[in-house]
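The structure appears below as structure tokens.
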Amino acid sequence: MLVRDESVNSCTCTIYSSCFLIFLCAFLSFGVDYAPKVRKKHVVLSCWLEFIISILPQYRFARVEQPSQFGGDPCDYTDNESEDCVINRPCSTPRCEGFLCATGRCINRRLLCNGDDDCGDQSDEADCKKVYQRCNQVLEQFWGIQMLSSGFNAFTNNLEGVILDYKYYAGACRPQHIGTVGFRKPYNVESYLAQTKGKYEFSMTAHESYSSFEHSVSRGKSKEESFGFGLIIPRLFQLSYSKADKRYQKFASRTKRFSSTSSRFVHAYAELEVAQYKLKRQDLMLHPDFFQKVLRLPLVYSYGEYRELFRDYGTHYITEAILGGTYDYTLIMNSNDVISS
């Protein structure tokens, strides 16, 4: 609330306040003495209202709308102030209506003693007189699910610690078959579709010299900016590529040894798509270790501790992804042997 004195002779100020997003203050004004000399108007600020925790300080400032006239006292108080946003009480959390795990996770009581580690620390399976096994089938984990549940650091372009619990199933045990193999879908996953159909086309090029091969292949790879990670599919194949990968560096070093020889290069390349992954939009279950880290963060922003969280777990998480990779094969032949044969 802003109270203004309508007298022409008074010094009138409008006071603004902000804290991160929007911060409101109530302004009160005492009476003005209508003596021949206009006195300054004292503005008492009744601030600061409670607000969501912020890493920025709160500010307030005053703007002169009408300067004092005819010998009145000037506005000599500070026109701006700043104050740290301090939260002296924790955020209110909803009461757990089910079973409260030692990790702080709240689960439904029907998940107790079902043979699964629903709490993340086996506390839901402790002191069970009898275990009612919900999932008696031997089911596999989705390919690459641990990596897909990890945090991604947008500054370093690397995958970091696991932030989503890929072993939490909420009691679900309906198998999803990919070929003849049965998989158990985690609670956080909305869909995981295997690419079982389609035609993979290989591009094959021949190069008469190392310079031609290096220009079209090696330089093209080194300019790729997308991050990569390894993926092993049992009994099928192994995919992996990253421009910082030691295997790629070893490949570049080995092929460069033939730069001064009379060699021919045959290069085969194909991009393979294995599966499409999509995460649930809401009600995600965090990994117990990550959840404990978040709970231990101080209420007041601390650069070091928050920076450590981003360093260990990244800045983002993966919501959708296409799992796959590249097939890259290079055949190096001695030109003299080829001619003589």
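Glycine residues also receive a Cβ, built from the backbone N, Cα and C atoms like all the rest.
Since this is a predicted model, take the numbers as computed values, not measurements.
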Per TrEMBL, the disulfide partner of CYS119, chosen from CYS101, CYS106, CYS128, CYS135: CYS101
Between CYS128 (disulfide bond) and CYS119 (disulfide bond): CA-CA distance (Å): 14
Residues satisfying Cβ distance under 8 Å from CYS113 (disulfide bond), sequence separation of at least 6: ASP124, GLU125, CYS128, LYS129, LYS130, VAL131, TYR132
Least surrounded among the disulfide-bonded residues, given as CYS101, CYS119, CYS128, when other CB atoms within 10 Å are counted: CYS128
